[in-house]
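Student: Annotation source Swiss-Prot lists ATP binding site at 30-33, Lys51, 87-91, Gly415, 479-481, Asp495. According to Swiss-Prot, the feature region 'Disordered' maps to 526-546. The compositional bias 'Gly residues' annotation in Swiss-Prot covers 533-546.
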Amino acid sequence: MSAKEVRFSDDARSRMVRGVNVLANAVKVTLGPKGRNVVLEKSFGAPTVTKDGVSVAKEIELEDKFENMGAQMVKEVSSQTSDIAGDGTTTATVLAQAIVREGMKSVTAGMNPMDLKRGIDKAVIAAVEELKKLSKPCTDSKAIAQVGTISANSDESIGQIIADAMAKVGKEGVITVEEGSSLENELDVVEGMQFDRGYLSPYFVNNQQNMSAELDDCFVLLYDKKISNIRDLLPVLEGVAKAGKPLLIIAEDIEGEALATLVVNTIRGIVKVAAVKAPGFGDRRKAMLQDIAILTGGQVISEEVGLSLEKASLDDLGQAKRIVVTKENSTIIDGAGKPDEIKGRVEQIRAQIEDATSDYDKEKLQERVAKLAGGVAVIKVGAATEVEMKEKKARVEDALHATRAAVEEGVVPGGGVALVRALQALKSLKGANHDQDIGIAIARRAMEEPLRQIVSNCGEEPSVVLNNVVEGKGNYGYNAATGEYGDMIEMGILDPTKVTRSALQNAASVSGLIITTEAMVAELPKKGDSAPAGGGMGDMGGMGMM
């Protein structure tokens, strides 16, 4: 085990605070409508320009190990807030820095750090309750657009496109963000169930203009194994041909003789068929086939449930009003499944979401819910250059998270006003002793900091604006974009309650740990870290420079 360096009390804390300040100062310049950008160097390609707090925080790594520990702890504040609420990372960092700054002053003055922490925790609990009282539900499209606009750095087009997407696919619908190919943002809504598998042969195409296979009022055959022998398929094909309807086959794979026969039948016009591979892999594939079966009112032909392909009848097939299969995607529109069964399946998947541990699993399950329940909206971000594209895409994703948080827990006045109004709950709050009272005062001072920082980034005097806001009531606050005072809700400056709440709770949690630190242990820098110089090739006589 290598030797360690140990630092104690003020020496340890002062180094940690230096690290906290380096990270927080880099992050807080981005706060508010007049916040500035931060440019991040990349090991290859163009640098990234961002106004997203967590993106800046993630890039910061300090040389001094003790300073770096402080920076990493505050980085945890913004990461946690981003994971829980999807936005509010800069606010959380500003709050954390303020609590650490005020807390360290008190610790240096001889206060008990544990009592200070207890006082801060008490204040945060009271402030969170007050925020919940201030919160108003966010249900209409206008409020959703306003939340998205604020989160996307006052870009109204982003706020509006997110509101449109939510209106079309519902609050539960899946909204994905992709890089577009034009200069403008575009919204593409896919109704019905779409999955990322295209036709297995271009000979299935019947719409040459769109290069797609379009099947109206058709049957759907679902099979969980490979189909290579056409004899297994013949009973189904004959039944479909007699019914005079098209057929979509979804199987693990269709190859060889079976695929060739389907192509020949399609070309000759005997039966209109399209074949695609089943979506997903492994257990997820089985689950998605079952989703499609419930959506179309059919049955997955599987030996696990005692069904075989050669004995399948038309009763086992699903049906849909319309199916469109392109080279890359298949879309099933208006399946013939029973609404009760679809609803039951959605509830079942929602229960699985509650139990899921990984974010990836949750996301995939959420997609399945959306595909069964409504549809999928794709926001295609447009920009002139790749650098702008990346920055804009990050803003759209932030705004999307913020609007989801707003729908979940409601909204409060933005611009730091909600935290100032929540101070009302701390006026009469008392701790168990004097040091806890100081902890409550630290939280009170820290909760003013986001408003002060927003004003400071505008080049105005923070104390003057803060006093004016404190004298006002309700939603009265300062619009940093225009320099006017007024009702923040009416001016469309809203923050999701979940974002403000998470920022305060996470900042207090990590800051409390920092101010109660008494010793720090870090690895000693290794001597002679740089690699030894390699042996030269000696004097190569006779090879003079040209």
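From the backbone N, Cα and C atoms, a Cβ is placed for every residue, glycine too.
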Student: Sequence gap of 6 or more, Cβ distance under 8 Å: name the residues on the same chain that satisfy this around Gly88 (ATP binding site), in order along the sequence.
Tutor: Thr81, Ser82, Ala402, Asp495, Pro496, Val499, Thr500, Ser502, Ala503
Student: For Asp495 (ATP binding site), which of the three DSSP-derived states applies: helix, strand, or coil?
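Tutor: DSSP assigns Asp495 (ATP binding site) to strand.
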Student: Look at the binding-site residues Ala480, Asp495 and tell me which residue has the greatest number of other C-beta atoms within 10 angstroms of its C-beta.
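Tutor: Per the Cβ count within 10 Å, the most buried is Asp495.
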Student: Using the structure shown, find which entry in Thr30, Thr90 (the binding-site residues) has the sparsest Cβ neighbourhood within 10 Å.
Tutor: Thr30
Student: Long-range neighbours only, meaning 6 or more apart in sequence with Cβ under 8 Å: which ones does Gly32 (ATP binding site) have?
Tutor: Gly415, Gln453, Ile454, Val455, Asn457, Cys458, Ala480
Student: Could you say whether, by DSSP, Lys51 (ATP binding site) belongs to a helix, a strand or a coil region?
Tutor: coil
Student: Once the DSSP letters are reduced so that anything not helix or strand counts as coil, what is Thr90 (ATP binding site)?
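Tutor: Note: Thr90 (ATP binding site) is helical by DSSP.
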